[in-house]
Amino acid sequence: MAHALGNLFDIEDPKRITTPPRSRKKSVSIRTPPSDQELDDLIFGDRLSAPQTHPSTPKSGSEHASSSRPTSSHTGVQTPVTPSELEGATTNNNNTTTPPTADGGLAHPAIQTFWNPPMNKWRVLCACLVYFGNGLSDSAPGALIPYMETFYSIGYAVVSLIFVANAAGFVSAAFCTDGLLLARLGRARTLVVSELIMLAGYVVLVCTPPAFAGVVAAFFLLGFGCAINLALNNVFCSTLANSTLLLGLTHGSYGVGGTVGPIVATALAGSGVLWSRFYFLTMGVRVVCVVFNAWAFWNYEKENSGDDDDDDDVVIAGAGAAVATEANLLTELEQTASRRAAAETRAEGGEDVRQQQQTTTPKPTKRELLKQALRNRVTVGGALFIFMYQGAEVAIAGWVISFLIDYRGGDPAQVGYVTAGFFGGITLGRFALAPFCHHRLIGGERRAVVIFTLGALALDLLVWLVPNLLSNAVFVALCGLLLGPVYPCAQTVFARLLVDRRHLMTTSVGFISGAGSSGGALVPFVTGALAQVRGSGTWVLHPVCVVAFVGMVVCWWAMPGGGRKVKGRE
């Protein structure tokens with residue numbers, strides 16, 4: 001039976017099972033250049049694959065959390081994070097909330113805007129009020145000069161000393177704003193001090209000094225205080241988003257004050273009121289500015305403590321590595337430059353940027369910052385440009401009334417309103433034209449400055465050559481319209497050109513403002529001195545302004561970029 005069943009099956013020997021060949025892990029060398037996002041994560045990310053080598057850089061909250069979790073090998077799939085890491089926002093050192101990124105790290109805070117932090121809207125409004133008061137103060141002398149000459153029995157050259165004293169105050173403030181006042185007192189107290197200095201000058205004026213020297217001393221105080229608040233507010237507004245619009249609003253407020261000032265001054269002096277009584281109005285404005293500045297900027301340093309330190313904490317990597325900073329404000333230009341530098345370093349050395357030796361540059365002193373700023377083309381060119389711009393602006397506002405009285409037969413009680421038209425044009429230009437200067441049809445702020453300057457030059461020539469009082473008044477107002485957006489556009493361009501020299505921005509902008517305001521005193525003084533020489537007359541105003549406008553165009557084209565639009569900056 002078993003034999004019969006055995007015939008039903010064919011039994012064979014089992015085959016030998018051969019082991020498969022050993023598999024080898026093939027090492028793949030990826031030579032594809034990193035993407036822009038990978039470079040951003042490498043240089044600016046909070047979670048880095050390499051250990052942190054800079055001793056002063058604190059770990060972020062995500063790094064502490066990741067270090068406490070067990071590490072695992074990379075599988076190609078992102079490990080899910082906890083709900084608190086996905087949904088929760090982390091509070092940074094400035095007590096502001098920062099949303100998490102996709103990889104669990106922290107996003108960099110966005111550039112400050114008019115609305116964020118919330119106090120910024122009040123600070124911008126405070127700057128507008130300060131500029132309004134500056135406009136009241138700067139525009140009134142043009143309408144009051146004829147009455148000053150009569151009251152003190154002086155001529156053009158002597159009365160022009162008020163412009164020289166104003167310039168001396170600006171120059172004096174330029175050397176102590178950043179180092180002596182701002183570094184020791186803070187922004188709020190420095191602004192309050194500037195307002196109190198101007199308030200002291202107005203007290204001297206309303207007392208009507210018996211000697212003209214007292215008036216000159218008062219204008220020195222006005223220039224000193226004005227230079228401080230002008231520099232600080234320019235820096236503040238230029239660092240916010242939509243800086244061209246905000247600078248246009250603040251400087252437009254200056255134009256509003258410049259429009260109101262001559263109207264009130266002419267109305268008071270023309271009705272027989274003593275010329276010095278006008279400055280009661282400016283005193284009241286400055287009292288409000290003292291309180292407003294103290295309240296709006298009191299916690300400014302606490303909200304921006306990280307930004308102030310980042311401006312000066314520069315880390316330089318060896319062997320041609322990228323310049324890396326801990327700055328929170330990362331513009332597109334900074335990221336692009338960092339990408340290029342990182343790519344070049346990885347291609348040449350083959351080593352990670354974080355593994356190279358790093359050294360920290362010592363923090364420069366204020367004198368060294370000033371020397372560096374004076375060696376910068378933007379600072380020097382910008383100072384010369386604003387010097388001639390503000391010189392021409394103040395010269396027109398200060399002497400066009402005397403020109404219309406002497407050569408067009410104008411009545412002092414009526415032609416004083418021409419200055420109001422000039423500042424009204426400036427105001428309208430800064431509110432209506434400045435927001436559109438970055439438009440593609442105009443070509444950006446750089447080209448807009450050239451167009452408006454040449455237009456103002458043509459209108460000044462018409463005022464000089466057309467012997468008609470009404471036409472001259474219209475041309476003066478149109479000249480102010482074109483000059484209005486020039487200043488905020490120029491300040492925006494200066495800030496963009498200094499974006500890679502952020503540690504010099506405060507010093508450079510302060511020097512530019514001081515030099516520009518010095519031009520607003522020196523050019524009118526030269527005009528008055530030339531008018532006094534051999535009885536030449538106030539017609540010399542127009543040749544002086546023509547030279548200033550031509551010099552503006554030359555300086556603008558000598559700036560980095562040659563007056564043309566620079567890709568990535570506008």
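Quick reminder: no glycine exception, Cβ is built from N, Cα and C everywhere.
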In TrEMBL, which of 112-133, 244-265, 310-331 is tagged transmembrane segment? 244-265
Could you tell me whether the transmembrane segment (188-205) and the transmembrane segment (211-232) have 3+ CB pairs under 8 A, leaving out pairs under 6 positions apart? yes
Counting only residues at least 6 beyond its ends, the same-chain positions whose CB falls under 8 A of a CB in the transmembrane segment (244-265) are 114, 124, 127-129, 131-140, 142-144, 233-234, 237-238, 275, 278, 281, 397, 416-417, 419-420, 422-424, 426-431, 434-435, 437-438, 445, 480, 484-485, 487-489, 491-492
